[in-house]
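To start, the structure itself, in structure tokens.
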Amino acid sequence: MRFVAIDQTRGLAIAAMIMAHFGPGVWERLGLEGLLLDVFLLIGRFATPTFIAIFGFTLAFAYVSKAEIGPAEVRAKLIRRSGFVLLAAIVVSFPSYVTTMLSAEHWGDSIPLNIILNTYGVLLFYSLAIFAAGLLIAPIARSPYIFPIIIGGMAVFFGTYLGYDAWSYQGKTTTELLRLFLVSGKYAFFVNFGLALMLVAFGWHIRKIKSSDRDVGPTLLVSGVVLLLLSLSIGRIVGWRSLAELHSGYDAPPQIWYLFAVCGVMFAIIACFDRVRIPFFSFFLEHTGRNPLAIYVAHAFVLPAVSAFRLISPGLPDLIHATLPLLIFFCYWTFVIWKSSRGSSNFRTAPA
């Protein structure tokens, strides 16, 4: 079963991610400041948690029902997909690898450790999460409500306890890299994967409602608003007091109340997308969300291309240095959407 609103929400997260990566320079040139700047930065900050949360929904809609029939086949498919995403993570990190090799100083005085650190990012998390989902898909399919909630909750607690209390900074060592990947970084595996697992149960519930031809909008909207309000209430206890703190203060180690607040917004957005269709906008987001890896990999090379362009042609105006790679990227993005709309794409990671 395909839920188009999930694709559209994933596409919106892609757009928010691009806003987060390319936006700060634009906002500075436009002179944005204060509340308006905080709103734009917060929208960009929502991208990564939304990607992680939507992963749980995707598992529920695209894989769990198939795993009920053939878990071994689904497991193999997920493990193959995790390898493909890992390859994409390495490709995206290549400019950083080059910088590391040319640098005289390295993290932990080790080029291999520095290269591993360069690979750290949302794609590496996704690779690990998809691999882990492949290993767990059989018990998830047997018990799509209880198992993901229990195991996901345990992972969140374990990751939070280690990230904030039991596992302290280890210096620039291999152990610290492992700590970064598992519990202390922005993409800490335990908390983020635990959240995605718990959302499998809710996604399965939404799938059941949708398969019976009932309206999922009220369930998603009410759940989203309630989850957002409860999460922000907990956030007040933790100490957030401004939008600036929301977009800058709670990403590493990840805090589950903040991630739940993003999930609440995501539920409401899915409900709106399921109910309302805006001709071009909906089409654009849907096909962007069906091809996230193609667009993510391409966007990661824009800023390195700007730097290379400046070195190659220092006499050109800086505006041309910045806009030409961006223009090429947006043309490529348009091509990906066009190709996806014709039913073909070699770079899809969202299941068809």
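Quick reminder: no glycine exception, Cβ is built from N, Cα and C everywhere.
Annotation comment: TrEMBL describes 2-162 as domain 'Heparan-alpha-glucosaminide N-acetyltransferase catalytic'.
Annotation source TrEMBL lists transmembrane segment at 12-27 (among others).
For 39-64 (among others), the entry in TrEMBL reads transmembrane segment.
Annotated transmembrane segment per TrEMBL: 84-103 (among others), in sequence order. Beyond its flanks by at least six residues, the transmembrane segment (84-103) meets 111, 114-115, 118-119, 121, 123-124, 126-127, 130, 293, 296-297, 300-301, 304, 349 of its own chain at Cβ-Cβ distances under 8 Å.
Here TrEMBL flags 115-138 (among others) as transmembrane segment. Sequence-distant contacts of the transmembrane segment (115-138) (same chain, six or more residues past either end, CB-CB distance under 8 Å): 48, 51-52, 55, 59, 63-64, 67, 71, 74-79, 81-83, 85-86, 88-90, 92-93, 96-97, 100, 107, 147, 151, 177, 180-181, 185, 187, 189, 192-193, 196-197, 296.
Sequence annotations record features per position, and here TrEMBL assigns transmembrane segment to 145-164 (among others).
As annotated by TrEMBL, transmembrane segment applies to 184-204 (among others).
Outside the transmembrane segment (216-235) by six or more residues, the chain places 202, 205-206, 209-210, 246, 250, 257-258, 260-261, 263-272, 274-275 with a CB less than 8 A from a CB of the stretch. Taken from TrEMBL, the feature transmembrane segment applies to 216-235 (among others).
Non-local neighbours of the transmembrane segment (255-273) in the same chain are 3-6, 8-9, 12, 46, 49-50, 52-54, 57, 156, 160, 191-192, 195, 199, 216-218, 220-221, 223-232, 234-235, 238, 246, 282, 285; each lies 6+ residues outside the stretch with a CB under 8 Å from one of its CB atoms. Summarising the annotation, TrEMBL assigns transmembrane segment to 255-273 (among others).
Same-chain residues lying 6+ beyond the ends of the transmembrane segment (293-313) with a Cβ under 8 Å from its Cβ atoms: 14, 17-18, 21-22, 85, 88, 91-92, 95, 123, 321-322, 324-326, 328-329, 332-333, 336, 345, 347-349. The transmembrane segment annotation in TrEMBL covers 293-313 (among others).
The transmembrane segment feature in TrEMBL is assigned to 319-338 (among others). Remote same-chain partners of the transmembrane segment (319-338), defined as residues 6 or more beyond its termini with a Cβ less than 8 Å from a stretch Cβ, comprise 22, 25, 283-284, 287-288, 291, 294-295, 298-299, 301-303, 305-306, 309-310, 313, 345, 347.
With a cut-off of 8 Å between Cβ atoms, the residues of this chain six or more beyond the transmembrane segment (145-164) that come close are 56, 136, 139, 179, 182-184, 188-191, 193-201, 204-205, 253-256. Within its own chain, the transmembrane segment (39-64) is flanked in space by residues 1-3, 6, 9-10, 12-14, 16-17, 19-21, 23-24, 27, 32, 74, 78, 122, 125-126, 129, 133, 137, 140-141, 144, 148, 186-187, 192, 195-204, 206-207, 243-244, 246-248, 251, 258-259, 262-263, 265-266, 270, 292, 350-351, which lie at least six positions past its ends and keep a Cβ under 8 Å from the stretch.
In the predicted model, residues of the domain 'Heparan-alpha-glucosaminide N-acetyltransferase catalytic' (2-162) average a pLDDT of 90. Residues 48, 52-53, 55-61, 64, 120-122, 124-125, 128-129, 132, 136, 140, 144-146, 148-149, 151-160, 162-163, 167, 169, 223, 251-254, 256, 259-260, 263 of the same chain lie 6 or more positions beyond the ends of the transmembrane segment (184-204) yet place their CB under 8 Å from a CB of it.
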